[in-house]
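**Q** The transmembrane segment annotation in TrEMBL covers 33-55, 67-84, 119-137, 149-169, 176-196, 202-219, 298-314, 320-342, 363-384, 390-406.
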């Protein structure tokens, strides 16, 4: 590599670093809204619950505790996690393409090596946490006695390293069918190898792992590869940014060029149940807009997350706190409906414009009440018979919040913006 090319490559490294810094500066300010929303409290409660459950399980190991299934699933998922942030942009295919070989050797391969090290460390940390459970649980005690933990941990770390390298080879595949097939094969291989290493004869598991990896590499050589998969890396970078925007969109109104309507046929049909009358035209339009918008996507993902927490927490106090946080934050997300704006031509359609505010309020009320009822049922039924002195007032407050306060707030926000 000539001096001029090395200088350009150094500038590219600085460009990537500046893009990474700009991305962090773009998203970090929004995290204060995430924690103000109560999400930090939920994570803290979940973390405390997990730590307490871990200690309680170690001190009094149940005979039927499924250490084999838990360890297998958790370690396999951590092994499969292989992110690669390049911060590439579509314009790079024009301006950076002449330096493709330098970018590959000087930027991407070091990134892949760094990802390998990070993946190995994650797996070792997870395995270190799992080892005390692994050696004490009756279902895995015999398997743990037949192998040394340092050897098992080393092989799991090597498996994580191989997964990152295999994921990099997949990205380079020129044929998308081969790429998808190899990706599915890699997933199946990692899941099977983790199960074999943890639960089966150690010698046979080692042979199975070597054979599986060798077959995967042989299959990967049957398809041509790109030297540098620009389109794939750019697409992955765009997907990573969209994921961050969707996550932050749960908690804060985040304008983004990536937002687009979703079909959501599983729920959008409910708007069709509105009576087909002229006075329901605005209500129908706002219902469809809500159900296909990113606001509803954030709302239902948030609700499902909190439902899962309440379903598995097993503590009435935690369930009640989670329910309160869930309906309060979910209600704030529903208020985004008041900021929906249609094209200028919507103001001249032959419909009563004064109905728009009431239509927005009615859709916000319907979404809020449905959310509260589902959350309340999931939170209180596992605690049956529940304490009515706690759960009935909580339900009343939630219904008042979503059935009266929020619709008024949404309509007021709409009217102020219209003025």
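Using N, Cα and C of the backbone, Cβ positions are placed for all residues, glycine too.
On a predicted model such as this, the values are computed, not experimentally measured, just so you know.
On this model, are these features tucked inside or out on the surface, and what's nearby?
**A** Cβ atoms under 8 Å from those of the transmembrane segment (149-169) belong to residues 75, 78-80, 82, 84, 112, 115-116, 119-120, 122-124, 127-128, 131, 135, 182-183, 186, 190, 193-194, 197-198, 202, 206, 209, 213, 216, 220, 225 of the same chain, restricted to positions at least 6 beyond its ends.
Beyond the ends of the transmembrane segment (176-196), by six or more residues, the same chain brings 72, 75-76, 79-80, 156, 159, 163, 166-167, 169-170, 204-205, 208-209, 212-213, 216, 219-220, 222-223 to within a C-beta distance below 8 angstroms of the stretch.
Distant neighbours of the transmembrane segment (390-406): 316, 320, 323-324, 327-328, 331, 334-335, 364-365, 368-369, 371-372, 375-376, 379-380, 383; these residues of the same chain sit at least 6 beyond its ends, with a Cβ under 8 Å from one of its Cβ atoms.
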**Q** Could you give the residue numbers and ranges of same-chain residues that sit at least 6 residues beyond the transmembrane segment (363-384) on either side and whose C-beta is under 8 angstroms from one of its C-beta atoms?
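**A** Non-local partners: 283, 286-287, 290, 296, 299, 303, 306-307, 310-311, 314, 316, 319-320, 322-323, 326-327, 330-331, 334-335, 337-338, 391, 394-395, 398-399, 401-403, 406-407, 410.
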